[in-house]
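This is the feature table in TrEMBL:
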- A:4-100: domain 'CoA-binding' (DOMAIN)
- A:Thr17, A:Gly18, A:Arg19, A:Asp20, A:Lys43, A:Ile96, A:Thr97, A:Glu98: CoA binding site (BINDING)
- A:Tyr159: substrate binding site (BINDING)
- A:His247: active site, tele-phosphohistidine intermediate (ACT_SITE)
Amino acid sequence: MSILINSDTRLIVQGITGRDGSFHAQKMKEYGTNVVGGVSPGKAGQKVGDIPVFNTVKDAVAATKANATIIFVPPKFAADAVYEASEAGVELVITITEGVPTLDMVKLMPYLKKNGTKVIGPNCPGLVTPGEALAGILPGNIFKKGNVGLMSRSGTLTYEMVNQLTTNGLGQSTCVGIGGDPVAGLYYEELLEMFENDPQTDAIVLIGEIGGDAEERAAKYIKEKVTKPVVAFIAGQTAPPGKRMGHAGAIISSGSGTAAEKIKAFEEAGVPVAKKPTEIPVLIKERLGK
Amino acid sequence: MKIHEYQAKQIFADYEIPVSDEILCHSVKDVEKAAEKLGLPVVVKAQVLAGGRGKAGGVKLAKTKEELVNAANQILGMDIKGYTVEKVLTAKAISFTDEFYVGLTIDRNTKSVVFMASSEGGVEIEEVAKDNPDAIHKFVIDAEIGLMPFQARQIAFKLFDDIKLVRQGADLFEKLYRLFIDTDASLAEINPLVITAEGNLMALDGKMNFDDNALFRQPEVLEMREPTEDEKTEIEAKEKGLSFIKLDGNIGCMVNGAGLAMATMDIIKIYGGEPANFLDIGGSSNPQKVIDAMNLLLADKNVKAVMINIFGGITRCDDVAKGIISALEQMDVKIPIVVRLSGTNAAEGLEILKKTNLVTVASMGEAAEKAIEMAGQTV
C-alpha cells in the first residue's frame, strides 16, 4: 500500500511534446511508472519515445483509461489544462508548472471540488511511491521503499530529507511535494489523513516553511486525529519579515507565518521539530523505537 | 508587488470609489502649492511602501501655513522602516463621524477570495485580529459566481444601520471586488473607510498588493512598480531566472530550490554565521546561471566566503560544476568558495572541481561550518 499513486496508476502527461514534458515523461517511464499517453493539441498520432500523443485529454482517457495526469504546460495555460483534465474525469491532477496566477487557481477550486478531482500543486515537484510509480521531476534514485510517509512544500529540500532517510536505512511509503504556492490542491491535512489510513506508513515527516498558517492547522489536526508518529522541519527560521523567499507562499507578513509560531504549534501537538535535516532520521528512529 | 497609497487610490477613483481630493508632491514647494489649490486644512502623508506610517510620524494634519511647511519639512526625507520618504500625498482634510475597515485578500485555507469588514477602522487590522478577532467579519466569496449584490448588502448591514449607507456601502464593496479581480490583486484594503460629516462614504487610505505570477497580464499594474535599490537587484536577478534577496551577513549562498535555500540560511545561522543573501538558482542546468549568480554574490562587498549547496534533481551537478569553472575563469575571485554537491551527477561534478582549489564537502552542515571558518580568515 501507499497513497495516491502505485503500480496500478495510469498516467498521462499534458504538454508531453514540450522540453520538460518530453524529458520527464521518459524519465518517469524509466523509473517504472505506467505512463500510458501524452497530450499536445495538434500532435495526435505522434509518439514521444514509445508513448502515444493525443490532441485532448478526453481522447487520451478514452484510449488509455488514464486515471492520473501530470501537467507541464506554461503558467498562462496551466489552469485551462487542469480544467480539461478534471472535465475528462481524471481523478488525480499533478501540476508541476511554476508561476500560475493565484486567482486562476482560486477560480478553479469550486469546479474541482464538485468533480471530486484531487489536485497536487501547482509549483510542486510531484510525488513518488518508491518502487512503484513516480509522477514528477524528483530524482528517482534517492528513494527507497519503506514505511515513512513524507510531505513537503519544497522540492530540493525534500530531496535533502529523503536522502537523509534513505542513507540512514529508512525507506518511504509515498513522498508528496505539495508545492510552494499560497493556493494549492491537496495539503497537509488531507495527506495526514491518507497516511494515517495507509497500512504501509508507520511514521510521517512533515516539511514546512514560513508563511501562512497551514503548519499550525496541521499541528492541530495531528493532535486531534493522527495516532502515528510525526516529525517536522520548518525552513526559513532566519528569513526576514516582508520578503518573499522564492516561493510565493513563503513570506512572513506582519509578524504572522513565522517559523517560531509553527515550531511552537508542533511542539504543543507533541511533534518534535528537527533543527537540522540530519536530525530527521534520528527523531524518526526514536519515535519508532528503533 | 506593492504600490503606494496614492496609486491605490487612483485605481479606486478609476472604479468610482470616492476618495479625497489630493495631490502628489515631491518638495515643500509642491506641498505649499497643493495646499493652496485644495485649501487648508490638509493632511500631509508620507508615500513609502511600508506600513505604520502614522506611528512613525509620517502623517500630519496642517491647519495653518506654518504647520504645513513644518509638516512637509519633517516628513520629506525622513526614514520609515528603512525607506526614505521622497514624496508625500497632500490631501484635503476630511471631517468624519465614523471609521471602518474593509479589505479583500486571498485565503489559503478556504482557497478563495475573502472579504473582511470591521467597525474598528483606522487602526492596523492585524492588531484588531489579535486583540478582538470577533470584531472582524469574514465573508468567503465563491470565485465562480463573484460577489453577489445580496452578499455585498450582507456585509454592509454588519457595518451600517442607515439603509442609505448600506446601499452606498454595498455598491462600493462590489466595485472593490471588481477591481481586485480585474487587477489580479492579492490585497485591496480601505482603512479607514469613513462616513463624512456630509453622511457619505469615502476611502481615506488605501493599500494594494498584487500577485507577481499574474503581472504578465497586468501591464498597467506593472507600470506602477517603483523598486528600491535592493529590489532592483532582485528584479534583475529574476530576469536571469534567479531568485535573490539581499541580507546583511557575510556568507554568500548559492542554492538550487527555495526551500533548500532557506534551510541553508538557517544552518549557517545555527553554526554561528550570518547569511549574506537568499539565492535560488532554480531548476535548470544552464552554466550561465551559475556565472550570473556568482556575479551577484561578488557584487556584495560584505561577502567574505561563498557556500554553494546543490542537491541535483533536474539540476545536474556536473553542469553546476562547469558553471563554477567558467565563472572562475571569467572573474577574479579572491574569496574562498565551499561547494557541496549531491544528487544527479554529483560524482561527475566533483571530478570536474578536482582541477580547482575549491573546498568540496559532503553535507550542508559541513559546508556551513567550513564557509564560516573561512569567512573568519578572510580580510
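Easy rule for this one: first residue shown is 1, then count along the chain.
Keep in mind that glycine also has a Cβ here, set from the backbone N, Cα and C atoms.
Describe each of these features in terms of where it is and what it packs against.
In the three-state DSSP assignment, the secondary structure recorded for A:Ile96 (CoA binding site) is coil. If you take the C-beta of A:Ile96 (CoA binding site) and look for same-chain residues 6 or more apart in sequence within under 8 angstroms, you find A:Asp20, A:His24, A:Ile70, A:Ile71, A:Phe72, A:Gly121, A:Pro122, A:Asn123, A:Cys124, A:Pro125, A:Gly126, A:Gly136, A:Ile137.
Sequence-distant neighbours of A:Tyr159 (substrate binding site) (same chain, 6+ apart, CB under 8 A from its CB) are A:Leu138, A:Pro139, A:Ile142.
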Within the chain of A:Glu98 (CoA binding site), which residues six or more apart in sequence place their C-beta under 8 angstroms from its C-beta?
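When sequence neighbours closer than 6 are ignored, A:Glu98 (CoA binding site) has A:Pro75, A:Pro122, A:Asn123 within Cβ distance under 8 Å.
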Return one of helix, strand or coil for A:Lys43 (CoA binding site), based on DSSP.
coil
Just to be sure I understand the packing, how many Cβ atoms besides its own are within 10 Å of the Cβ of A:Gly18 (CoA binding site)?
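Cβ-Cβ neighbours of A:Gly18 (CoA binding site) within 10 Å number 18.
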Compute all pairwise C-alpha distances among A:Thr17, A:Gly18, A:Arg19, A:Asp20, A:Lys43, A:Ile96, A:Thr97, A:Glu98, the residues listed as binding CoA, and give the largest one in whole angstrom.
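Between the outermost Cα atoms of A:Thr17, A:Gly18, A:Arg19, A:Asp20, A:Lys43, A:Ile96, A:Thr97, A:Glu98, the distance is 24 Å.
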Where does A:Gly18 (CoA binding site) sit by DSSP, helix, strand or coil?
coil
Pick out which of the binding-site residues A:Thr17, A:Thr97 has the most other Cβ atoms within 10 Å of its own Cβ.
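Counting every other Cβ within 10 Å of each candidate, the maximum falls on A:Thr97.
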